[in-house]
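Enquirer: Annotation source TrEMBL lists transmembrane segment at 42-60, 81-101, 121-141, 150-172, 178-200, 221-242, 257-280, 300-320, 340-358, 370-388, 394-415.
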Amino acid sequence: MIKTLLRHSYWNAVATFSHQASTFVSNFLVIKLLDRATYGKYALVILTAFYAASILQFAIGSTASKFVARYVNDPMRLRSTIWSCAAFTLASSCLGLGLLALTSGILARGVFVEPSLAQPLAIASLAVPGLIAMIFLIGLLQGLHDFRSLAVSSVASSVFFVAIVTGGAWAAGLTGAIWGFAAGSTLRGLIMGAVTLTVLKGRRIRRFSWRSLRHRVRHEIFRFQIPAGLAGFVTVPTLWLIPTILTRNTQNFADVASYSVLIMLKTLIVLPASVISIALQPSAEKACASHQFYQAMRVFRISSITAFAFAVTAAFFFVVFAKEVLGVFGKSFTAASSELQLVMIAAIAESLATTLYMRIQAASRMWSSIFVTLLPRDVTMLVIVAAFTTKYGLQAAIAGHVAGAIVNLAGVYWLSAKSIGSLRSQSAQMAPSIPSALGERTATR
């Protein structure tokens, strides 16, 4: 299991870190090329495009990863899963592009109270299809356990992404940076799509037919995707509403810029937990499908312990050197040093919750997660941000993240314990039937 963790985590880490690093580096360079307030506008626009894609992808990444891994040795079910997920991705991409383009003026004037953002939002809508396609393709390659191909495509596309975004910002300021973001996101999707097609060539993925998709498989996919997708309708709007409320209540795009940097640094702390859980989730799914409960538990424990150790170590560094870390982005950002130290609490809580959530996903308790973890967390965050940003600005936004992360961790811990009990019961019920089936085959022979 340690070898599996190291092998899968290595290539998945290369893929994930290259993707996140390209976002980090491109944002850093845009900060240097634009002033702080203009970068705040850029961050708000790309966050809107990203969250639009995150809502409309409707958990297609985790769905593809889960069921491709589960049916990887069943060609008919694998083919049906891939084609149905691909069809959904195409439809949601077109919907996302149209919705954001048509509502760009309403968002700029009525929500952000900044009419000048209408054109950048319309341009950013062109990035939505590429963003949704990448979510699906990443999940597909993870389900196939082809982390090496995922890493190669991520590294190659990330280099182009940074160059295009930076070149756009240098040439045409805010508008150029947004055009670069849209073009870079599209190119990323095309590169990853080409690599994925190469991987699938040897698997005989023929033309899809709805009739070939068995009712049981369709039911399993929908039972997982619908609550998982609805969870995005709860979570993602909250993450978008926080900077939106901060913008409306303060009209201070410099604070929005600082908020973007703080959340970006928090994401770096949580990233190892995401890498580990994504790398080991297919192994956990296989163990659960084979009713190997103790093997699955070993996967869960290794992921949680490793991720927690990474998060605590990295967070301690950021707390001690908060001023120096923010000084890299510019002297004006160092004023948010105390907020960076505070947000590290949220980073540690989110890291642990990410790995505990593997157990919930393996038990397919997605409906429960909405009401036990997501809704309490998001309500807590929004109440704090809406009530206190007018007076406290950035501090209130970060405090909302911390309180929400703690509430979420409590809910995830409780539900993960329930999920383990469910998996243990399923394994105990199926175990006696396996020797019995083998005995019947022997007697027949």
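Each residue, glycine too, has its Cβ placed from N, Cα and C.
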Enquirer: Spell out yes or no: are there three or more C-beta pairs under 8 angstroms between the transmembrane segment (178-200) and the transmembrane segment (121-141), with each pair 6 or more apart in sequence?
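Expert: Yes, the transmembrane segment (178-200) and the transmembrane segment (121-141) are in contact.
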Enquirer: Hey, does the transmembrane segment (257-280) touch the transmembrane segment (394-415), meaning at least 3 C-beta pairs closer than 8 angstroms, sequence gap 6 or more?
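Expert: Output yes: the transmembrane segment (394-415) sits against the transmembrane segment (257-280).
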Enquirer: What residues in the same chain, six or more past the boundaries of the transmembrane segment (257-280), come closer than 8 Å to it by Cβ-Cβ distance?
Expert: 4-5, 8-9, 12-13, 16-17, 20, 23-24, 27, 31, 36-37, 39-40, 43, 47, 65, 142, 147, 242-243, 246, 299, 302-303, 306-307, 310-311, 314-315, 318, 325-326, 329, 333, 335-336, 339-340, 343-344, 346-348, 350-352, 354-355, 357-358, 394, 397-398, 401
Enquirer: How about long-range neighbours of the transmembrane segment (340-358): same chain, 6 or more residues beyond its ends, C-beta under 8 Å?
Expert: 262-263, 265-266, 269-270, 272-274, 276-277, 280-281, 284, 299-300, 303-304, 307-308, 310-312, 314-315, 318-319, 322, 325-326, 369, 373, 398-399, 401-402, 404-406, 408-409, 412-413, 416
Enquirer: Taking 3+ C-beta pairs under 8 angstroms (sequence gap of 6 or more) as contact, is the transmembrane segment (221-242) in contact with the transmembrane segment (370-388)?
Expert: yes
